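In what follows, a single structure is set out as structure tokens and then discussed.
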Amino acid sequence: MASVTASSVKFSSVSCLIKQNQLSNLKKASLSFTGNGFQSRRLPVLRFRVACAAKPETVMKVVDIVRKQLALPEDRDVCGESKFSVLGADSLDTVEIVMGLEEEFGICVEEESAQSISTVQEAADLIEELLEKK
Amino acid sequence: MALTLNAIAFQSPKRPSFTPPPLPTAHRSPTLCMASSLRSASREVETVNKPFTPPHEVHVQVTHSMPPEKVEIFKSLEGWAEDNLLVHLKPVEKCWQPQDFLPDPSSDGFHDQVKELRERAKEIPDDYFVVLVGDMVTEEALPTYQTMINTLDGVRDETGASPTPWAVWTRAWTAEENRHGDLLNKYLYLSGRVDMKQIEKTIQYLIGSGMDPRTENNPYLGFIYTSFQERATFVSHGNTARLAREHGDMKLAQICGTIAADEKRHETAYTKITEKLFEIDPDSTVLAFADMMRKKIAMPAHLMYDGRDDNLFDNFSAVAQRLGIYTAKDYADILEHLVKRWKVSQLRGLSAVGQEAQDYVCGLPPRIRKLQERAQTRAKQGPRIPFSWVHDREVQL
């Protein structure tokens, strides 16, 4: 992890403080069609907000790491929406999951971002965001 | 009912649900946030608009989690305690007293002795004093700890003068500990290096706040907690002694070292009790051990407050971490020591949940170390912040 930003890991993340104010790590792409070329046809102005979710492969890798960390039985369903806490992860597990993701993807997760991850999807999205920045 | 749940909620109207106090961002310590912020399911609420409100616990208070029939175990151990526990107490006539380490007011040389003490103290930096003060404040909150031990079923002092060996132990232990706070208080007072009024205020707040180590009136949990704590204070005071020596103050080194020696003796006693519990009821004891470790061992002074700094404990812990007085590594070391001391990996005849607990506890030290190593490599320089204990001079976190 040759990280330029040596961020300090606060074990506050290990202290399992349940964050109510969670940063949304979903990348939002805002597209607005102002309908310039269509004014004569009087089409309504449309605004789309598209959340760019992570690739399925990324989600699958996260699922694998989570499964391994929490030693989940095969029949236990794990998907994007799965919350770490519901899967039985304590604060220590969550930090270790983040560490596993860092190793797997060669990224460095900042303390603040790490604390905001509560579902598989959020982890995957954050990973892709960090990979893109590299 | 084995369990009574009291949900006590202190909600600040100004803050949504709860927001934990913001931890100082870039500081070097993975610290004691691990070892000390220990608030797994607990939450701390500060009220922004009410001045001088100390942080307080907001978590579900679990009480009497030990099944009532197990109280008998502790009754039946009274003979054992008489023969094996009380031996770790020192007779008062053989005990040191704070006066042994302080300038003698009855002597003509008193003023010179005080002058020397202050000269030596001048050579010691503020960051050391911040940690020494934090330790002293912790010791001075002794009423909280005696109370905590007396919340434990089966071993509490029912009257304040109960003749049971458990009660005799607790009172004598309290009496021995009482000297620690007294000694450090007098030293700090004479040193001239610290703001005594702010320190005294901190103590008043802390005793008022109490502490909840989440021992649930359960002596299995309670003695594991005290075993861990006594070793932690032994490590901590041992380090303050070493540092005092490095700064050239041999008398202060002696003070800290003497306190550390007491803590070692207490550690031996509490560890012995837990060892006995592992012997006669391994399943309950290993479950208790895992439970306490999952909840994380809360440092006794984690609710400390000086009327000014909402993050006082975290800031103090950060300095203690940086100076190597008490660190996240120490937390892992203590845990590992106890796992070995109590031979947890060799326990046999455990239930399924007992084995799970055994695996958890035995596997925990390396996990904590890995975390701590990672944090260490990433740690960056902490900010300098003022501490009211040293007249708002700034100290590096």
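Quick reminder: no glycine exception, Cβ is built from N, Cα and C everywhere.
Fe cation 1 binding, as stated in TrEMBL, involves B:E139, B:E177, B:H180; the candidate among B:E57, B:E69, B:E263 given for that site is B:E263. For the Fe cation 2 site that TrEMBL gives as B:E177, B:E263, B:H266, the extra residue drawn from B:E140, B:E216, B:E230 is B:E230. B:H266 (Fe cation 2 binding site) and B:E177 (Fe cation 1 binding site) are 10 Å apart (CA-CA, integer value). Using the Cβ center of B:E139, B:E177, B:H180, B:E263 for Fe cation 1, the list of other same-chain residues with Cβ within 8 Å runs, in sequence order, B:L142, B:E176, B:N178, B:R179, B:G181, B:T233, B:H237, B:I259, B:D262.
Around B:E263 (Fe cation 1 binding site), taking its Cβ as the centre, 22 other Cβ atoms fall within 10 Å, counting all chains. Using a 10 angstroms CA-CA radius around B:E230 (Fe cation 2 binding site), the binding-site residues that qualify from B:E139, B:H180, B:E263 are B:E263. Summary: among the binding-site residues (B:E139, B:E177, B:E230), the fewest other C-beta atoms within 10 A of the C-beta are counted at B:E177.
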